[in-house]
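Handing you this structure, nothing more for now.
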Amino acid sequence: MNISGLIIGLGNPGREYDRTRHNFGFMFIDALLEEAQRNPFARCEQLSGGKKKYDLWRCDIVEGQAPWLLAKPQTFMNLSGEAVLAIASFYRVKPAAMVVAHDELDLPLGRMRFKMGGGNAGHNGLKSITQCLGTPDFHRLRLGIGKPPAGGETTGWVLGRFSQSDTAMVDAVLEAAIQGIRTFATEGDVAATQYINAFRP
């Protein structure tokens, strides 16, 4: 199968986690799928759903380019690497051709960062992927969620839902992130990093 790469959105499966901050990666994959389905020239098909480890689609992200695989691990966050390794092994995707979208406490809502490699910054999904792949050398799309208010507890914050007042900001970030991934697909790391890191809502 000819593919351009693999985009993974991190999150937890189940309705109780829908639109929580920790599921920002899932929301990004959903936004990519919705965008592809609105484009009459884009092909998008589900390759697996309801499997134990992952939901997977093959979609056109850029016209005239080989499709990308879009994945939502269904293993829960701390075991995300098991799903990523299973996909990478079956479809022969190298870590350098992967982008992992995830929530980022160290960035405020409305800000993003794109980078290749690096540490896990305490993110268990990234830690699992690094361990399973045996390398940290994959791209990360860090989607800011901000830190809890003073005295707030981190777990409750990341597992809490975005507020109604956050909706416009979240939508703007997702729209810009899609353009950022298209820039990565067509122009590479440097252009994507410049676009994504400079984004202001």
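Yeah, the Cβs are placed from backbone N, Cα and C, and that goes for glycine too.
The feature site 'Discriminates between blocked and unblocked aminoacyl-tRNA' is assigned by Swiss-Prot to N12, with sequence analysis given as support. Residues or ranges marked as tRNA binding site by Swiss-Prot on the basis of sequence analysis: Y17, F76, N78, N124. Positions annotated as active site, proton acceptor by Swiss-Prot, on the basis of sequence analysis: H22. Residues or ranges marked as site 'Stabilizes the basic form of H active site to accept a proton' by Swiss-Prot on the basis of sequence analysis: D103.
For each feature listed, report its degree of burial, its nearest neighbours and the pertinent distances within the displayed model.
Mapped onto three states, the DSSP output places N12 (site 'Discriminates between blocked and unblocked aminoacyl-tRNA') in coil.
Neighbour count (other Cβ atoms within 10 Å of the Cβ, all protein chains): 17 for F76 (tRNA binding site).
H22 (active site, proton acceptor) is surrounded by 23 other CB atoms, counting those within 10 A of its CB over all protein chains shown.
Within its own chain, D103 (site 'Stabilizes the basic form of H active site to accept a proton') has L10, R21, H22, N23, F24, G25, H123, L143, G144, I145, V158 as residues 6 or more apart in sequence whose C-beta sits under 8 angstroms from its own. Secondary structure at D103 (site 'Stabilizes the basic form of H active site to accept a proton'), as computed by DSSP, is strand.
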Counting only residues 6+ away in sequence within the same chain, which have a CB under 8 Å from the CB of N78 (tRNA binding site)?
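Long-range Cβ contacts: N124, G125, S128.
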Counting other Cβ atoms within 10 Å, pick out the least crowded of the recorded positions N12, N124.
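Among the recorded positions N12, N124, the sparsest Cβ neighbourhood within 10 Å belongs to N124.
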What's the number of neighbouring CB atoms sitting within 10 A of the CB on Y17 (tRNA binding site)?
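By my count, 17.
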What's the CA-CA gap between F76 (tRNA binding site) and N12 (site 'Discriminates between blocked and unblocked aminoacyl-tRNA') in angstrom, rounded?
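Taking the Cα atoms only, F76 (tRNA binding site) lies 5 Å from N12 (site 'Discriminates between blocked and unblocked aminoacyl-tRNA').
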